[in-house]
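Feature annotations, reproduced from TrEMBL:
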COMPBIAS  1-34  compositional bias 'Basic and acidic residues'
REGION    1-36  region 'Disordered'
TRANSMEM  54-75  transmembrane segment
TRANSMEM  186-204  transmembrane segment
TRANSMEM  271-287  transmembrane segment
TRANSMEM  318-339  transmembrane segment
TRANSMEM  351-372  transmembrane segment
TRANSMEM  424-443  transmembrane segment
TRANSMEM  468-485  transmembrane segment
TRANSMEM  491-513  transmembrane segment
TRANSMEM  525-544  transmembrane segment
Amino acid sequence: MTERETARPTVELRQRKKLKTSENKESVKEEKISDTPVPERAPKHVLFQRFAKIFIGCLAAVTSGMMYALYLSAYHERKFWFSNRQELEREITFQGDSAIYYSYYKDMLKAPSFERGVYELTHNNKTVSLKTINAVQQMSLYPELIASVLYQATGSNEIIEPVYFYIGIVFGLQGIYVTALFVTSWLMSGTWLAGMLTVAWFIINRVDTTRIEYSIPLRENWALPYFACQIAALTGYLKSNLNTYGERFCYLLMSASTYTFMMMWEYSHYLLFLQAISLFLLDSFSLQQSDKVHEVYKIYIFSLFLGYLLQFENSALLVSPLLSLVVALMLAKCLQLNVKKGTFIAKIMKVINFYLVCTLTVTLNIIMKMFVPHKENGHMLKFLEVKFGLNMTKNFTMNWLLCQESLQAPSQDFFLRLTQSSLLPFYILVLIICFLSMMQVIFRRINGKSLKETITLEDGRIGGRPEIIYHVIHTILLGSLAMVIEGLKYLWTPYVCMLAAFGVCSPELWMTLFKWLRLRTVHPVLLALILSMAVPTIIGLSLWKEFFPRLMTELMELQEFYDPDTVELMTWIKRQAPVAAVFAGSPQLMGAIKLCTGWMVTSLPLYNDDDLLKRNENIYQIYSKRSAEDIYKILTSYKANYLIVEDAICNEVGTMRGCRVKDLLDIANGHVVCEEGDKLTYSKYGRFCHEVKINYSPYVNYFTRVYWNRSYFVYKINTVISFQS
């Protein structure tokens, strides 16, 4: 052998070492390809079992959604006796802000064309006196625009009445909501039995999972089904063993549902902000590939900017904390790109990453608010200050918001209901096991211990699955907020149902528990498989025995919505009041008047606009201890022609001390001081809503009673004042 031949192998070895950087990606791909097992043709019985499992699961998911939608429709019919009502009586069932949303749906159907209808809504001066509003942007009327287009484009105007089409879409979306929760629990546990248990808990606890029974057109009822679809797609996307086609499908579904969710609800970006925090924590602990998480961040940015453009340049999206957080995360990611993993600098960057992201987020948000003109909901920030005891106020609006049941801390009845349905105990058990397993995995990663990329059932390490940990972090964040504000329970409780059902049906969770207990008497894998089938079956049977008869009884009972006084009032307005008349009264009643009659009003039951909030407070002065002249000046400043006094507010007997409208007005006006005891201060005027009914001077000089019944008193506001002695 020559010297040249002996030297050749060493040269080849050196060349291979040099090719390490240039062919790194290709070698990694080759290693992945070589590591993945060659797909072998599975036996026919195995393929049949897989197909049967998927088919039965999909059928159960779709059937559950359809049955829930039909249940809501049947319950709504029984509750209001809806099909036997006249159109006016049906519309009265939409109360408060729900009436406003449905009224604009009616306006779109009456418009000569879709373009003309949109123009009239975006330049609306026929709803609130002396005010032109962009109703589509301010009230997020995209659901009504879509519903009106579908109603006319599908030819449904010849088949079904508009109200049935409208509520039918909402009920159908609730069916999609339930189906999405079913699929999410199925993806996490691997069995469609978890989806069935999720649906059962959701329906049984529907008082705490949805507000669909009370206010059908609420924005959250339109939006949350899309968020549930986004959660299901994100759950599948985060799974480690997902193939390429599944990843693409989940990514596309997640993109579409994220943007749609953002368009349907004005507060959606706050909920996505919590989701982004959960993904940030997931990425920080290296519990998932950073590439996937940052792809989700790109979806957020795309949805925000597209929503900004299509929502009439809605500046609230540009100054939202979601955009600031995502941009800060992107910048923090760029700073770590050139740092090799495992180095001392990389560990230092991990330590300061939290501080870096938080600082960048706050800084960027302040900068955006300095350069982007926006109308931020300042009253919400003030409300939070008062809510957490950071400030005290006598302001009527703030105290009125604090008195709302949905903005208070949850009551004991809420936890009692969840416990009676066995949901809360199993949720706490599942959450504790998943959280402790997650912390175990995090500490192992911090200590530098290598972990398996693919986790098997025998490992008993459920905390290593990124999609599980994301849900644990997200449900903790939502639960923390729900413990402060009861209205947020409608965001948290559905995922409590899903997480609890996943846990009791997951063999991995039981295996994780047995690993900690060091169970040796019985084979732990076998016992985990048995319990994952037996426990949900026992729970399901007990729920069926206890709650199914109640659900059937609710459907069998024929209830009746009976409100003749409101029907008489609306009938009188449509027959006797001039078309150009402007009505003043409580915001809730004004919403019903706008829907049932179409007449202009002075205020609306909306709380995202400072001017409307100020109007509400001023109009509510009719229930305070103010003079007739003061009330007259307030009403005429808004060009009101008629005043409606509600006996229920004037003679209100509140269950909560100091939360009646008249009490809050007395506090704001300085007519009562709430300290050790209620100390009344001198006021030479009586309560206006009482005094105006007596028909004596000076009240008759300003107001003339033109209609009354047991609940309402309507007064015409005199244009020419004739003072009497």
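Each residue, glycine too, has its Cβ placed from N, Cα and C.
Sequence-distant contacts of the transmembrane segment (491-513) (same chain, at least 6 residues past either end, Cβ-Cβ under 8 Å): 177, 181, 184-185, 188-191, 193-195, 197-198, 201-202, 205, 208-210, 224, 228, 231, 271, 418, 423-424, 426-427, 429-431, 433-434, 437, 455, 457-463, 465, 471-472, 474-475, 478-479, 481-482, 524-525, 527-529, 531-533, 535-536, 539. Same-chain residues lying 6+ beyond the ends of the transmembrane segment (186-204) with a Cβ under 8 Å from its Cβ atoms: 53, 56-57, 60-61, 64, 68, 71, 178, 232, 235-236, 239, 421, 423, 467-468, 471, 494, 497-498, 500-507, 532-533, 536-537, 539-540, 543-544, 547, 551.
Same-chain neighbours of the transmembrane segment (271-287): 227, 234, 238, 258, 261-262, 293-294, 296-297, 300, 320-322, 325-326, 329, 350, 353-354, 357, 438, 441-442, 445, 464, 466, 469-470, 473-474, 477-478, 481, 491, counting only residues six or more beyond its ends whose CB sits under 8 Å from a CB of the stretch. Sequence-remote contacts of a segment are chain residues at least 6 beyond its ends whose Cβ falls under 8 Å from one of its Cβ atoms, and for the transmembrane segment (54-75) they are 167-168, 171-172, 174-179, 182-183, 186, 192, 195-196, 199, 203, 212-213, 551, 554-555.
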